[in-house]
């Protein structure tokens, strides 16, 4: 794949993945998880894993990197949702 | 691009895009936008537009469709954020 195209993909990957970080940070700090929808994040995680498989098939590093990071952030949010809901 | 790969892409597109819909619905119903971060959604919109350009370059219909829909949902949320913040 052309380098210039992958650069666009990587910038997009950084922007859309980093948009998750404030939510993870806020949830960790406030421990308030009522607003977090478990089903929404499970749907999103499934979608992100499929994008990961898609990226591997079409050999797009930006899609792979973006969805790998996003999957980790969502798993972190799901972990907080389960842990902080019990308290 | 192979049909089976695009099908994976389309399922991923439907899942990750539909994950936005509960947030749009809840915001429209409750009109409460304090929790919506303007900067986060502007960052995300920029990223989604770059993914759209990326999808056009690599001729991936699932990336194009997913990011077109997501861009529309984010613009809707930004519209609510601006309108409902004034009230």
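Backbone N, Cα and C define each Cβ position, glycine as well.
With a cut-off of 8 Å between Cβ atoms, the residues of this chain six or more beyond the transmembrane segment (A:6-25) that come close are 60-63, 65-66, 69-70, 73-74, 76-77, 80. Annotation source TrEMBL lists transmembrane segment at A:6-25 (among others).
Using a Cβ-Cβ cut-off under 8 Å and counting only residues 6 or more beyond its ends in the same chain, the transmembrane segment (A:37-57) has close neighbours at 63-64, 66-68, 70-71, 74-75, 77-78, 81. Marked as transmembrane segment by TrEMBL: A:37-57 (among others).
According to TrEMBL, the feature transmembrane segment maps to A:63-80 (among others).
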